[in-house]
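**Student:** Below: one structure in structure tokens.
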Amino acid sequence: MLAFLNQVRKPTLDLPLDVRRKMWFKPFMQSYLVVFIGYLTMYLIRKNFNIAQNDMISTYGLSMTELGMIGLGFSITYGVGKTLVSYYADGKNTKQFLPFMLILSAICMLGFSASMGAGSTSLFLMIAFYALSGFFQSTGGSCSYSTITKWTPRRKRGTFLGFWNISHNLGGAGAAGVALFGANYLFDGHVIGMFIFPSIIALIVGFIGLRFGSDSPESYGLGKAEELFGEEISEEDKETEENEMTKWQIFVEYVLKNKVIWLLCFSNIFLYVVRIGIDQWSTVYAFQELKLSKEVAIQGFTLFEVGALVGTLLWGWLSDLANGRRALVACVALALIIATLGVYQHASNQYVYLASLFALGFLVFGPQLLIGVAAVGFVPKKAIGAADGIKGTFAYLIGDSFAKLGLGMIADGTPVFGLTGWAGTFAALDAAAIGCICLMAMVAVMEERKIRREKKIQQVNIA
């Protein structure tokens, strides 16, 4: 029934290497565009919820705590799915898996729309459909990473993955425009248009994506990327292959027993409190506390994503200039985040609000990218998916969930850790950023030792 998700591996064509290399580009670009556009579209049917919050409050009388409960459902299933669904997808045709999951997620969001009537809602159905949507979206990043890794040479993989990484920034930045167009032009200003229109787009993108590309050049008889581009298999990968380690053995040895991965997991928890805390509540804070218009509030949300796009491209490059010191560069960004949060909290006018959100997007997505890049440096290629999965699971189950429900309760006036109101919300954001700095500083020390150790080995080999 789901045979289209199985991997296809054809015998290598009896053609010269340079001919097969020329044949590589077209199917690669098809596959690359499918995962890029597919992941971008996932954000259109995820971030529209953030855009619609003020209208859901005014139309249906939902409280911030209830909105937080809906978001919590997504966070839990997304977090669990990051490990479970990604583990299942490993060994499947990941290029096909992503658009299939996009289609299922879009169907769930249509169900979410149906749970909102003319003037009433079913909170249970809203939580259920949004949670299912999160479960299906959870493997989007892992499938994209797996597909691109199988297609590209190591020396250019960072460029391709770095550019792919802006897909979710573009999706987040475009979510407001797509959602508002659906509501204002297709549904006479009703909030359900913010969910139905993006879902229809996602269905179209998903079905088209199933028709183009595949997860590896081996699907076309072109051979492995290493063979096509004259690269040796890395030492870490050779070790796992020579020992014939199973996926579970690799997961235990290189992830569960890896203290750096655990430090990065907890760093990611704190970072997600900051990132999702800003992302989830910026429009509500601007409208309720700063007394700005809904239009300006949404502009700030969009600028946060635009700043993230720029930051995603720049911070990785800066860490390369620092000779791979990802954690150290992340600490610099985190220190700047704390200072900028103060400006955002006390924004005196809309221009300060907009500028501070752009700056926060630029800064927050630097450490998010660098935590992932740092993790890659401490595991073999076969463990990257597992490391990314467990890191994401912790971030969403704890960090994302607290940012949505915990911060929502604090803003509503419910004491959490002795914090109440918007002042308490910002105190929690500051504390999370400080916690992330402390953990990343520990990673920076271990990263420095690794860099110096590898440098000595390289000097010995040259001598």
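First residue shown is number 1, and so on along the chain.
Here the Cβ of each residue, glycine as well, is placed from N, Cα and C on the backbone.
OK, Swiss-Prot features for this one:
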TOPO_DOM  1-24  topological domain 'Cytoplasmic'
TOPO_DOM  46-60  topological domain 'Periplasmic'
TOPO_DOM  82-96  topological domain 'Cytoplasmic'
TOPO_DOM  118-122  topological domain 'Periplasmic'
TOPO_DOM  144-159  topological domain 'Cytoplasmic'
TOPO_DOM  181-189  topological domain 'Periplasmic'
TOPO_DOM  211-259  topological domain 'Cytoplasmic'
TOPO_DOM  281-297  topological domain 'Periplasmic'
TOPO_DOM  319-326  topological domain 'Cytoplasmic'
TOPO_DOM  348-357  topological domain 'Periplasmic'
TOPO_DOM  404-425  topological domain 'Periplasmic'
TOPO_DOM  447-463  topological domain 'Cytoplasmic'
TRANSMEM  25-45  transmembrane segment
TRANSMEM  61-81  transmembrane segment
TRANSMEM  97-117  transmembrane segment
TRANSMEM  123-143  transmembrane segment
TRANSMEM  160-180  transmembrane segment
TRANSMEM  190-210  transmembrane segment
TRANSMEM  260-280  transmembrane segment
TRANSMEM  298-318  transmembrane segment
TRANSMEM  327-347  transmembrane segment
TRANSMEM  358-378  transmembrane segment
TRANSMEM  383-403  transmembrane segment
TRANSMEM  426-446  transmembrane segment
**Student:** For the topological domain 'Periplasmic' (404-425), find every same-chain residue at least 6 residues outside the stretch whose CB is under 8 Å from a CB in it, and list them.
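**Tutor:** Counting only partners 6 or more residues beyond its ends, the topological domain 'Periplasmic' (404-425) has Cβ contacts under 8 Å with 63-65, 67-69, 71-72, 75, 273, 276-277, 280-281, 284-285, 289, 345.
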**Student:** Short question: which residues 6 or more past the ends of the topological domain 'Periplasmic' (46-60) have a Cβ under 8 Å from it?
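**Tutor:** Result: 67, 70-71, 74, 116, 119-121, 130, 133-134, 137, 171-172, 175-176, 178-180, 183, 190-191, 194-195, 198, 279-280, 283-284, 287, 294, 297-298, 301, 305.
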**Student:** So, taking each listed stretch (61-81, 190-210, 383-403) in turn and counting its Cβ pairs to the transmembrane segment (160-180) that are under 8 angstroms, which one gives the highest count?
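**Tutor:** If we count Cβ pairs closer than 8 Å to the transmembrane segment (160-180), 190-210 scores highest.
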**Student:** When secondary structure is assigned with DSSP, how many helix, strand and coil residues does the topological domain 'Cytoplasmic' (211-259) contain?
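**Tutor:** For the topological domain 'Cytoplasmic' (211-259), the helix, strand and coil counts are 27 helix, 0 strand, 22 coil.
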**Student:** For the topological domain 'Periplasmic' (281-297), what are the DSSP-based totals of helix, strand and coil residues?
**Tutor:** 12 helix, 0 strand, 5 coil
**Student:** Can you work out the mean pLDDT of the predicted model over the topological domain 'Cytoplasmic' (144-159)?
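**Tutor:** Here the predicted model's pLDDT, averaged over the topological domain 'Cytoplasmic' (144-159), is 77.
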**Student:** Find the member of 61-81, 97-117, 260-280, 327-347 that has more C-beta pairs under 8 Å to the transmembrane segment (383-403) than any other listed stretch.
**Tutor:** 260-280
**Student:** When the topological domain 'Cytoplasmic' (82-96) is classified with DSSP, how many of its residues are helical, how many are strand and how many are coil?
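**Tutor:** Residue counts for the topological domain 'Cytoplasmic' (82-96) by secondary structure: 11 helix, 0 strand, 4 coil.
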**Student:** Within the topological domain 'Periplasmic' (404-425), how many residues are helix, strand or coil going by DSSP?
**Tutor:** 14 helix, 2 strand, 6 coil
